[in-house]
Amino acid sequence: MPAAVRNIVVLTGAGISAESGLDTFRGPGGLWEGHRVEDICTPEALARNRPLVLDFYDQRRAALGRVKPNAAHEALARLDAKWAGDLLIVTQNVDDLHERAGAKRLLHMHGELMSALCEGCGGRAAFGGAMLDGPECAMCGEGGGVRPDIVFFGEMPYEMDRIEAALAEADLFVSIGTSGAVYPAAGYVQMARHFGAETLELNLEPSAGSYNFDESRMGPASVLVPAWVDEVLRG
Ligand code: APR
């Protein structure tokens, strides 16, 4: 670890939730098997077959009730509670396991399953039900236009300005459980390096972007993340 770490940016992906029982996207048995990505998570798919897309995300939302945070989410929440410097946990995940573990300095760049987006008023509101039931927007009261608050392929991720500002200030960038296949998140390691941060990857196996990191550690997140958090908090 670099001597004077103060500002940390952590990027997480589906791999951090795998040991909680949520499928990753690209692994064997991954979430997209049986469903072509372009059939599910694009604005065009929503326009073409709205019930299919709503049902897909309704099922994923319901699945959250059957899983709980694992030791990796808990370790990041511990880091969040104890770290005196700046910290931003940027997750690509749409599950709510980071916040259920207690993380506060957290941002969901690809949206959230437990949130609804109204195509009418643009409002976003907490949502725990089934969209196939045709709920009304909690903000404007209109029905029929409520969709998953998920960033589809071809849509702009949330809070890019805040993420890039944090990367510009980071001394340490840590990527956890992501395949490095999807931009812009896959480019954050280069951005962080460009701004002078040390970079560390914690992943089950080498990823598409492993060569970009100063250090890569391979293993399950439930083991690697708590060990890394202990290391950082020890100083
Ligand atoms: N511990 C650590 N890493 C793991 C574990 C584990 N227990 N299990 C799997 N992994 C790793 C895999 O080896 C893989 O490199 O997690 C990574 C998961 O990669 P993806 O399935 O591609 O998920 P992610 O990188 O989060 O996908 C990015 O793609 O489809 C879009 O919007 C979706 O946010 C998602 C984005």
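For all residues, glycine too, the Cβ spot is worked out from N, Cα and C.
Sequence-distant contacts (6 or more apart, same chain, Cβ under 8 Å) of His110 (active site, proton acceptor) comprise Thr91, Gln92, Asn93, Val94, Ile150, Val151, Pro157, Tyr158. Sequence annotations record features per position, and here TrEMBL assigns active site, proton acceptor to His110.
The local packing around Gly21 (NAD(+) binding site), expressed as other Cβ atoms within 10 Å of its Cβ over all shown chains, amounts to 11. The annotation NAD(+) binding site is assigned in TrEMBL to 13-32, 92-95, 177-179, 203-205, Ala221.
Annotation source TrEMBL lists substrate binding site at Tyr57, Arg60. In sequence order, Leu113, Met131, Pro148, Ile150 are the residues near Tyr57 (substrate binding site), counting only same-chain partners six or more apart with C-beta under 8 A.
Cβ neighbours of Cys137 (Zn(2+) binding site) (same chain, under 8 Å, six or more residues apart in sequence): Ala116, Cys118, Gly120, Cys121, Gly123, Ala125, Gly143, Gly145, Val146. Feature annotation from TrEMBL assigns Zn(2+) binding site to Cys118, Cys121, Cys137, Cys140.
The domain 'Deacetylase sirtuin-type' annotation in TrEMBL covers 1-235.
With respect to their backbone Cα atoms, Ser17 (NAD(+) binding site) and Arg60 (substrate binding site) stand 13 Å from each other.
Checking the binding-site residues Ser17, Tyr57, Arg60, Cys118 against ligand 1, none has a C-beta less than 6 Å from an atom of that molecule. Here Arg60 (substrate binding site) is positioned 12 angstrom away from Gly21 (NAD(+) binding site), judged by their C-alpha atoms. Shown in sequence order, Thr12, Gly13, Ala14, Gly15, Ile16, Ser17, Ala18, Thr24, Ala72, Leu202, Asn203, Leu204, Ala221 are the residues of the chain, 6+ apart in sequence, with a C-beta less than 8 angstroms from the C-beta of Gly177 (NAD(+) binding site). Cβ environment of Cys140 (Zn(2+) binding site): Cys118, Gly120, Cys121, Gly123 lie under 8 Å away, each six or more residues apart in the same chain.
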